[in-house]
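Novice: Okay, here's the structure, questions in a sec.
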Amino acid sequence: MELTAVLLLLGLCSAGTVLGSEHETRLVAKLFKDYSSVVRPVGDHREIVQVTVGLQLIQLINVDEVNQIVTTNVRLKQQWVDYNLKWNPDDYGGVKKIHIPSEKIWRPDVVLYNNADGDFAIVKFTKVLLDYTGHITWTPPAIFKSYCEIIVTHFPFDEQNCSMKLGTWTYDGSVVAINPESDQPDLSNFMESGEWVIKEARGWKHWVFYSCCPNTPYLDITYHFVMQRLPLYFIVNVIIPCLLFSFLTSLVFYLPTDSGEKMTLSISVLLSLTVFLLVIVELIPSTSSAVPLIGKYMLFTMVFVIASIIITVIVINTHHRSPSTHIMPEWVRKVFIDTIPNIMFFSTMKRPSRDKQEKRIFTEDIDISDISGKPGPPPMGFHSPLIKHPEVKSAIEGVKYIAETMKSDQESNNASEEWKYVAMVMDHILLGVFMLVCLIGTLAVFAGRLIELHQQG
């Protein structure tokens, strides 16, 4: 008994399905019996077909800064009334809506005017939804590649204003009028991008009159998108490494010159920076229209490192100067030895006195004492017969030569130590100056744009 009931129920369902399919089959056959897809769906040729266009943005696929192309995944919703596709639902088993292939009916040839690809028209022919009043809804998916003027001046803290201009290709406003469904695109199903965020999106309808036909309006709907780049990726992978290279360059001046590793560290930093720039160059928009902020900062970092190498060479040269090759000017001694160390609270290096020593070693009277400390004979005059003795006189000349040589060596050592001290003072000054320049340079490049974005909210 139960089996019989189940079979009866299945039979009724199958009969309903067959009847429903039969009604739709009769309806489609009746609608398209004398239908032409090339004729505008109006009762009078003077009537205007009203087409409502809505744009649903699904995904921002790519922004090509070099070729200035924005690739988006969209759904283009189009609605209009076809005068020839109406019916009475009571005559067809209550069927009020049917789905039919879009290529079987008349369609407005809406295209993307600022298309940057080969296909201007929508080539994905999906089915349309048709109801008994003749109202048609067609929402084909499309991949739009639209031209957009990319301004990279503030990259990576930039905003781009891109647009999509939609309109009919062959129909003017006197036969087909397109109207926006809303004053902004539908973003309800938009999938967030990891690089861009849409701050604002608006749509406007335009009447355009061309010189060929000044009395005929051509209508288009233009959607504008204000997109702001998310800069975190570039901050972490480009800006922070460049900043660290700059600080590492400053530390060259903290390294003692005597260690002999100043130039090694400087060249190593330069080589590392060069390799780093070669790796990240593909991340920077390769356009000559403007120099982006990040390009300016990379250029600043390169100049900063090269300047440190040049100045390091000067400091090392100063450190190894000697009185035989360079005589220290008085202004250098006054500035770098007497003035700056006191201002900057350096511990002043102990230097030998520069007072002139008495060159005359012997006095008129020479007091000769016994080596053991016992009192010797009375003092003898310089012209004493003992002094005039050839052997004694030769010994005195030898002592005098040794004393003058020691004095000359001492003066030479003092002069060399003064040059080393000047180099040390220069290192301390340059350490502070380069740290300050690194900070000020970074702020000068990015602070203005960051403040502007903060004010915009």
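Each Cβ is built from the backbone N, Cα and C atoms, and glycine gets one as well.
According to Swiss-Prot:
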- 21-230: topological domain 'Extracellular' (TOPO_DOM)
- C148-C162: disulfide bond (DISULFID)
- N161: N-linked glycosylation site (CARBOHYD)
- C212-C213: disulfide bond (DISULFID)
- 231-255: transmembrane segment (TRANSMEM)
- 263-281: transmembrane segment (TRANSMEM)
- 297-316: transmembrane segment (TRANSMEM)
- 429-447: transmembrane segment (TRANSMEM)
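Describe each of these features in terms of where it is and what it packs against.
Specialist: Taking the topological domain 'Extracellular' (21-230) as a whole, pLDDT averages 92 in the prediction.
Mapped onto three states, the DSSP output places C162 (disulfide bond) in strand.
Around N161 (N-linked glycosylation site), the C-beta neighbours below 8 angstroms that are at least 6 residues distant in the chain are H224, F225, V226, M227.
Neighbour list (C213 (disulfide bond), Cβ cut-off 8 Å, at least 6 residues apart, same chain): D172.
Sequence-remote contacts of a segment are chain residues at least 6 beyond its ends whose Cβ falls under 8 Å from one of its Cβ atoms, and for the transmembrane segment (297-316) they are 238-239, 242, 245-246, 249-250, 252-253, 257, 262-263, 266-267, 269-270, 273, 277, 284, 291, 423, 426-427, 430, 434, 437-438, 441-442, 445-446.
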Novice: Can you grab the distance from C148 (disulfide bond) over to C212 (disulfide bond)? Cα atoms, rounded to a whole Å.
Specialist: 27
Novice: State which of the following disulfide-bonded residues has the fewest other Cβ atoms within 10 Å around its Cβ: C148, C162, C212.
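Specialist: Selected from the disulfide-bonded residues C148, C162, C212 on minimum Cβ neighbours within 10 Å: C212.
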Novice: Between the Cα atoms of C212 (disulfide bond) and C162 (disulfide bond), what distance do you get, rounded to the nearest Å?
Specialist: 28
Novice: Going by DSSP, is C212 (disulfide bond) part of a helix, a strand, or coil?
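Specialist: Its secondary structure by DSSP: coil.
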